[in-house]
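What TrEMBL records for LYS7, TYR8, GLY9, GLY10, THR173, ASP174, TYR179, ARG184, LYS209, VAL210 is ATP binding site. Look at TrEMBL and you will find THR47, GLU74 tagged as substrate binding site. Per TrEMBL, the feature domain 'ACT' maps to 277-352, 358-426.
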Amino acid sequence: MALIVHKYGGTSMGSVERIQNVARRVAKWHRAGHQMVVVPSAMAGETNRLIDLAKAIQAEPDRRELDMLASTGEQASVALLAMALKSQGVDAISFTGWQVPIVTDDAYTKARIESIDDRRIRENLEQGRVVIITGFQGINREGHITTLGRGGSDTSAVAVAAAIHADECLIYTDVDGVYTTDPRIVSEARRLDRITFEEMLEMASLGSKVLQTRSVEFAGKYKVKTRVLSSLTSPDIPLDEEMKSGTLITFEEEMDGTNMEQAVISGIAFQRDEAKITLTKVPDVPGIASRILGPVAAANIDVDMIVQNQAVNGTTDFSFTVNQNDFKRTMKVLETEVVPGLGGGEVNGDPLIAKVSIVGLGMKSHAGIAARMFECLAKEGINIRMISTSEIKTSVVIEDKYLELAVRALHAAFGLEGEAVEEKVV
Ligand code: ADP
Ligand code: ASP
Ligand code: MG
């Protein structure tokens, strides 16, 4: 008997029939003798619908109220799934984040989980129930509902798995694993049987939304055995077959000899939801970066890439990227709090950019990989506007309209195509 956490995304929970299929799959695991905790997302489209409603009433919705609203999608899902399990003869109970409780910090719309009380979960598991917990939400110390950012149910699931010391966390989604790149963009993308935690962390944080970045951080920090697999296969497939399917997140130290031969680049990630901001003609004096980015950080805005140009005639240009959702707020902070005190400088914003990244542990030991990337993009006539590198990734910012071309060209240039995977369900 093992303690297992399942997570089901929006598409997997997208209709009554799909919820019944999820229940059938969970029931199969439960009947095999496993203790089951299930973390579902809201039904497909529901979170978007709620956010659109909020925006129709308030252009920049109040963040506390937005979380109050957006969290309801998952509340509906857990109750429906509990009913579906009961109708299939399996005892189940649903809980919202505050009932567990899953305690978070105060950052509405992107809260971080601080602690999870496992008492109620354990009590109900011991009574033989399937425990169903809302993804995406928690409660802060003042008792207000918070949400964990888009795609946050992944993080809820892995965090719950860590808190209850689950044997495995299975993330069921609408693709049958992690691919070399998004299979919706590149049909030749190949499913990976395994990916290291380090690479998955980079892929996720660089835009592969198959897993939310923080879920991968939790998996790494607490060594949660995590697998990404399809919820769209028959719910009745044999358990041992299902347990081996999809993509397992591994740790570098667990790699065996066969993996030493793996490709230099494991995958290509991309992101459309960033915006670039440039301050031109800024006085080139010590402390300028902190005077620009300090107020941005104080407004709880995450900055991604940063480039400061060589000074000419005592002034310099300073560019950085932020999430598109934070674009307007960042521009406002710069215009009202930063530029007036700088003694010069103009702010220019460009939301039509995209970031493409190549990721691979092999980059640690192979020189010239970034150069190959730049050469490939040059051949396609794609201009690179910013570059950033780390040990296992190289990212470039390009014009948004070239994104798909860049991803396809790089996928081919690094030989990532594979034979079509039979179970591919996209
Ligand atoms: P869920 O609702 O189950 O959480 P998401 O839509 O959040 O599902 O994530 C799954 C999607 O992630 C896939 O449908 C796919 O289009 C996208 N995706 C992006 N990059 C990758 C990748 N490298 N491998 C697999 N899927 C990816
Ligand atoms: N329902 C939330 C969203 O759409 C959380 C999730 O699906 O993981 O972002
Ligand atoms: Mg998701």
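For all residues, glycine too, the Cβ spot is worked out from N, Cα and C.
A map of TrEMBL features onto the structure.
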{"residue": "LYS7", "record": "ATP binding site", "contacts (Cβ under 8 Å, 6+ apart)": "VAL38, VAL39, PRO40, SER41, GLY135, SER153, ASP154, SER156, ALA157, VAL158, CYS169, LEU170, ILE171, TYR172"}
{"residue": "GLY9", "record": "ATP binding site", "contacts (Cβ under 8 Å, 6+ apart)": "SER41, SER153, ILE171, TYR172, THR173, ASP174, SER231"}
{"residue": "THR47", "record": "substrate binding site", "contacts (Cβ under 8 Å, 6+ apart)": "GLY10, SER41, ALA70, GLY73, PHE136, ARG150"}
{"residue": "GLU74", "record": "substrate binding site", "contacts (Cβ under 8 Å, 6+ apart)": "PRO40, SER41, ALA42, THR96, THR134, GLY135, PHE136, GLN137, SER153"}
{"residue": "TYR179", "record": "ATP binding site", "contacts (Cβ under 8 Å, 6+ apart)": "ALA189, ARG190, ARG191, LEU192, VAL210, GLY267"}
{"residue": "LYS209", "record": "ATP binding site", "contacts (Cβ under 8 Å, 6+ apart)": "GLY151"}
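Among LYS7, TYR8, GLY9, GLY10, THR173, ASP174, TYR179, ARG184, LYS209, VAL210, the residues given in the record as binding ATP, the maximal Cα to Cα distance rounds to 22 Å. If you take every residue in the domain 'ACT' (358-426) and average the pLDDT, you get 88. When the binding-site residues LYS7, THR47, THR173, TYR179, LYS209 are checked against ligand 2, THR47 have a Cβ within less than 6 Å of one of its atoms. In this structure, none of the binding-site residues LYS7, THR47, GLU74 sits close to ligand 1 with a C-beta under 6 angstroms from any of its atoms. Ligand 3 lies under 6 Å from the Cβ of the following binding-site residues, listed in sequence order from LYS7, GLY9, THR47: GLY9.
Reduced to three states, the DSSP call for GLU74 (substrate binding site) is helix. Secondary structure at LYS7 (ATP binding site), taken from DSSP and collapsed to helix, strand or coil, is strand. All protein chains considered, the CB of THR173 (ATP binding site) has 25 other CB atoms within 10 Å. Residue counts for the domain 'ACT' (358-426) under DSSP, helix first, then strand, then coil, are 29 helix, 14 strand, 26 coil.
DSSP classifies LYS209 (ATP binding site) as coil under the three-state reduction.
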